[in-house]
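K.L.:
Have a look at this one before I ask anything.
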Amino acid sequence: MFLPASDPGAQDSVMNFALFVLRLMCLAWLWPVVLLKGSNTQNQRRHKDVYLGENTRHKHGGRIDFKTKKSDSTKSLLIKSEQLLRIEDHDFAMRPGFGGSAIPVGIDVQVESIDSISEVNMDFTMTLYLRHYWQDDRLAFPSSNNKSRTFDARLVKKIWVPDVFFVHSKRSFIHDTTMENIMLRVYPDGNILYSVRITVTALCSMDFSRFPLDTQNCSLELESYAYNENDLMLYWKNGNDSLRTDEIALSQFFIEEFHPSFGLAFYSSTGWYNRLYINFILRRHIFFFMLQTYFPTMLMVMLSWVSFWIDRRAVPARVSLGITTVLTMSTIITGVSASMPQVSYVKAVDIYLWASFLFVFLSVIEYAAVNYFTTVEEMKKLQKGKLPVSYDATQAMAYDGCFHDDMDVSPFPELPTTPSTTRTIPPRASSTEPPPTEGTRLWRKRSVGKNIRFIMSNSYMIDSYSRIIFPVAYLLFNIIYWCIYS
């Protein structure tokens, strides 16, 4: 339906309606774009807030303090340690009070452990805390609360510290796990505490003349390397209380005493120096050596005596027993000597081992004598015809020392009495001495030579005497030995 062209009001209404529809269509098309842009802006703002919050939480240990937004402490002007101590204003290559009297340096030591003691190398290894105390007015700083400041090894390299070293040390080092174990504490008035943790291996001149029943005196010596007594005076900070020890337990030694001392050392080219001593006395535990050395040695000596009760004709048994004990004693002596330094004097353990070795060796020599005298006795009887005619010498002990099981050991038969064997007893000269009364014994004195010949002709008596002489002599030796060295 078309409106008449002559009506202008109707035409204006149609145009307005068309513009309204066009505006609605434009608004409907632009609305999603506006919503998407607003959402992106809101997300960006939220991410930024989260980022700022996380940073703030990390900086303040999980606690967000919104006051830091107004006052940032990281941007405040702080005084550096070097500026506070005025390190750049002084020459710390010179000691404090250079040109004046000697600077006193107090020493305080805490022994943490004695790691090892070596008899072969004649040294000991010790871990300790070494603390130095002195005053340097150049490091004084103003402080309202009078509190000290503590630093690590980085500042130590920029100031003057005492050059204390260990006399007679073989090697030493400062612990560096996880950082160098060095502490520097500076007080406002210039007093300084400098502490280091050190492990040092030092020489200990040991005397082994009574080993293993010995007591060793060792010492660790401290001294300034460059400054003599005119420039630096070392002293124990708290006297005898300057040396403290933890609970120290050693495997072979018992620590009897720890005590400090001091003295002076003279060098011809540089003069006198103050020297501090850390003295300790070590007493050796004897139980270990009793189990490893003395008891086995005693058993070997006693084992060698068993041959005195074995038949003298059992050559293989007695010879093998004697050789076994001799070789065992040689092994014990070699083992002890390998674990000891090669000193030029005799040790107490050497005396015991070699004396025991001598007893074992004499037991072998004893059987050699018994074997020889027995053979000589048998040969003399054979030559004099005192053996029966049916006696076969090959059945007896031969010169090679072998024992024959088929030997007849029955008593010899009595020899028939013949005119040649009949002995005529000459009449005894009359004597003025009265005959012995009943109940008395006649003692016949024999010379030493006759006694020896008698024993040689009765070789079995050597074993009988040895069963008593050897144990008694060894017991007497032990009594004398332990009375002298224990």
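Heads up, the Cβ atoms here are built off N, Cα and C, so glycines get one too.
Grabbed the feature section from TrEMBL, which reads as follows:
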COMPBIAS  417-432  compositional bias 'Low complexity'
DOMAIN    87-285  domain 'Neurotransmitter-gated ion-channel ligand-binding'
DOMAIN    293-379  domain 'Neurotransmitter-gated ion-channel transmembrane'
REGION    417-440  region 'Disordered'
TRANSMEM  14-36  transmembrane segment
TRANSMEM  286-307  transmembrane segment
TRANSMEM  319-339  transmembrane segment
TRANSMEM  351-370  transmembrane segment
TRANSMEM  468-485  transmembrane segment
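Help me understand the surroundings of these features in the structure.
P.N.:
Note on the transmembrane segment (319-339): residues 119-120, 293, 296-297, 300-301, 303-304, 306-307, 310, 349, 353-354, 356-357, 360-361, 363-364, 367, 401 of its chain, located 6 or more positions outside it, place their CB under 8 angstroms from a CB of the stretch.
Panel annotation: around the transmembrane segment (468-485), residues 210, 213, 301, 305, 308, 348, 351-352, 355-356, 359, 362-363 of the same chain, lying at least six beyond its termini, place a Cβ under 8 Å from a Cβ of the stretch.
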K.L.:
When secondary structure is assigned with DSSP, how many helix, strand and coil residues does the domain 'Neurotransmitter-gated ion-channel transmembrane' (293-379) contain?
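P.N.:
Summed over the domain 'Neurotransmitter-gated ion-channel transmembrane' (293-379), the classes give 73 helix, 0 strand, 14 coil.
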K.L.:
State the non-local partners of the transmembrane segment (351-370) in its own chain: residues 6+ outside its ends, Cβ under 8 Å from one of its Cβ atoms.
P.N.:
293-294, 297-298, 300-301, 304-305, 307-308, 312, 318-319, 322-323, 325-326, 329-330, 332-333, 336, 459-460, 462-463, 466, 470, 473-474, 477, 481
K.L.:
Would you kindly list the residues that approach the transmembrane segment (286-307) from elsewhere in its chain, counting only those six or more residues past its ends and only Cβ-Cβ distances under 8 Å?
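P.N.:
For the transmembrane segment (286-307), the nonlocal Cβ contacts are 212-213, 251-252, 317-318, 321-322, 325, 328-329, 332, 336, 349, 352-353, 356, 359-360, 363-364, 367, 466-467, 470-471, 474.
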